[in-house]
Amino acid sequence: MAIKDWPVGEGPREKLLNQGVKQLSDAELLAVLLRVGLKGLSAVELARTMINEFGGLRGLLAASQTQVCRLDGIGPVKFAQMQAAVELGTRISQENLQRGKILSDPDLTRDYLMRQLSDRAYEVFAILLLDSQHRVIQFVELFRGTINSASVYPREVVSLVLEKKAAAVIVCHNHPSGIAEPSTADRRITERLKQALQTIDVSLLDHMVVGDREIVSFAERGWID
């Protein structure tokens, strides 16, 4: 049944307006963007098919135009609409961070890092540079590839911190496997960075490891004194 034939108030758009956006499932949210489905397939059913095809919403939104447009009923316009929605969310998170809310709202930091790093097919090691009031100066991706204790160079981190005149930092990296649990190598890297930053009187506030759906905080686990 097409969405236009659903009882009044039951379509995803009406549900959003009447009950709020948080009441919609992933498929219903995507259906609002798609607007229409295919013959014999509603927009919600099409959205559900797309999500399943890529193993989840994250996989779908990280897929290339070529991959997405192979699906029946999906062309460049629908792909562009999805990408625009993702980018708007990313820019809002970045704008909020730039307003200095990072430490007063830990969830904002997690959301920003999740948007930045969770969909990468390779490891990225990055740093949030903060001023003396813990406002964000800049987010910088420093290293890419296989991140281990040998591939992250404390001297490069220190050089960047001095260049930007940062007073404190939060480092972060992703696990493409989707599992956020820190490794022994992650803990070694953190200790080396903490010691290097102490030599220039800069605080390492946290090391966050980003997975598919969660972020592990070293500070919350008591691993950063």
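From the backbone N, Cα and C atoms, a Cβ is placed for every residue, glycine too.
Note that this is a predicted model, so its numbers are computed, not measured.
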Among the residue ranges 5-18, 173-186, I'd like the one that Swiss-Prot describes as motif 'JAMM motif'. 173-186
The sparsest Cβ environment within 10 Å, among the binding-site residues HIS173, HIS175, is found at HIS175
At a C-beta cut-off of under 8 Å, are there same-chain residues at least 6 beyond the motif 'JAMM motif' (173-186) that contact it? List them, or none. 117-118, 120-126, 147-149, 207, 209-216, 218
Let me know how many other Cβ atoms fall within 10 Å of the Cβ of ASP186 (Zn(2+) binding site). 21
